[in-house]
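Remarks on the structure that follows.
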Amino acid sequence: MSSVVVVGTQWGDEGKGKITDFLSENAEAIARYQGGNNAGHTIKFDGETYKLHLIPSGIFYKEKISVIGNGMVVDPKALVEELKYLHDKGVDTSNLRISNRAHIILPYHIRIDEADEERKGANKIGTTKKGIGPAYMDKAARVGIRIIDLLDKETFKEKLEHNLGEKNRLLERFYELEGFKLEDILEEYYGYGQQFKDYVCDTSVVLNDALDDGKRVLFEGAQGVMLDIDQGTYPFVTSSNPIAGGVTIGSGVGPSKINHVVGVAKAYTTRVGDGPFPTELFDSIGDNIREVGREYGTTTGRPRRVGWFDSVVVRHARRVSGLTDLSLTLLDVLTGIETLKICVAYKLDGKTITEFPASLKDLARCEPVYEELPGWTEDITEVKSLDDLPVNCRHYMERIAQLTGVQVSMFSVGPDRAQTHVVKSVWRLA
């Protein structure tokens, strides 16, 4: 038995999909455990580029099981569209398994999400407006509708009818928007459920059986630690737990069955949406990183905010997710920058702090303390191993490992699978 969790160590968009896809080659099951179609990941497979939002990266390997876990919130319409997208490209999806306990996103969740973000104005969170937050709110309030409910028309109708009474009052009286009629949703969404019902099962059983049979299971996180609802920059966070601890809740696999946690970090830092960002760059270097790194959101197309590597952030990720390994991505984007900076601490009211503050008010006042390192000019996109990297690039990686306290076990120097390199296997048993 061997299991590996892949988590983002920053604010998402670290390249988790690429690393998950790479590690999937040696896995026999791949599972997502939180989030929904608010997070996109781009995967290159057999020369083709795919953009997925719900379905795990392992879907391209027909001999491997791909799991949408119970901790996810699933938009049935988006799922059907994503399945069609894959089928149109000739991808076999018969290896997909969808948890019967996962909650679903309905049109009223999306409308409420949009309206609430609009109402907040300058205080908006920066949500993707996909209905994720409202769906998780219903789950916590115990009025959510699960996939198992969607597949039973009578149960679905009963729960939907009950919820629409409350949601329509909220939409019409508070947001002054039009509500929904039962028939507007019932037939359409029941129909979506019927299109994917053959994939639905108890995925906790599937995953535990795989582990008990000695198979390798890979757990794929969405977003990143800094977007975790408990450990992130609250309230500028997602509505679930991307940290490694979220695996046990969102997949139905106990913590004793988790072996390694791989934190994926960009060689710099990016963020989409609002909230404090201590190392953010507003100069030509930041603009250059954004363009070379193609830093635009997979889901929204929004330009990402760009900054220097922040070891305070990744140390926080190491502690709250129990990172055993680090995968450093997009090193090639930094090529040609004469002097690189790494944030080693913050200055807050004249004092040096090395741990990430809980208070956003404090974080907004933090000034980064930088350490400068010489950059490199050599093209590194064709390197085949760690030893092939320029000395300055290796020193940069080594310093990141020292500052974060996590060994760099993988690194990537480009978007293709062949540009990801292993320093130490994360599938090791010890």
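A Cβ is built for glycine as well, from the same backbone N, Cα and C atoms used for every other residue.
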Joining Asp13, Glu14, Gly15, Lys16, Asn38, Ala39, Gly40, His41, Arg142, Gln223, Thr238, Arg302 at the IMP site recorded in Swiss-Prot, out of Thr127, Thr128, Thr203, is Thr128
The record lists Asp13, Glu14, Gly15, Lys16, Asn38, Ala39, Gly40, His41, Thr128, Arg142, Gln223, Thr238, Arg302 as binding IMP. What's the largest Cα to Cα distance among them, in Å, rounded to a whole number? 34
Compared by Cα position, which of the binding-site residues Gly15, Lys18, Leu331, Val413 is the closest one to Asn38 (IMP binding site)? Gly15
I'd like to know which of the binding-site residues Leu331, Val413 has the most other Cβ atoms within 10 Å of its Cβ. Val413
Name the one residue among His41, Thr42, Pro303, Val413 whose Cα is closest in three-dimensional space to that of Gln223 (IMP binding site); these are the recorded positions. His41
In whole Å, how far does the CA atom of Leu331 (GTP binding site) lie from that of His41 (active site, proton donor)? 18
Measuring CA to CA, name the entry from the recorded positions His41, Thr128, Pro303 that ends up nearest Gly12 (GTP binding site). His41
Gly40 (IMP binding site) - helix vs strand vs coil (DSSP): coil
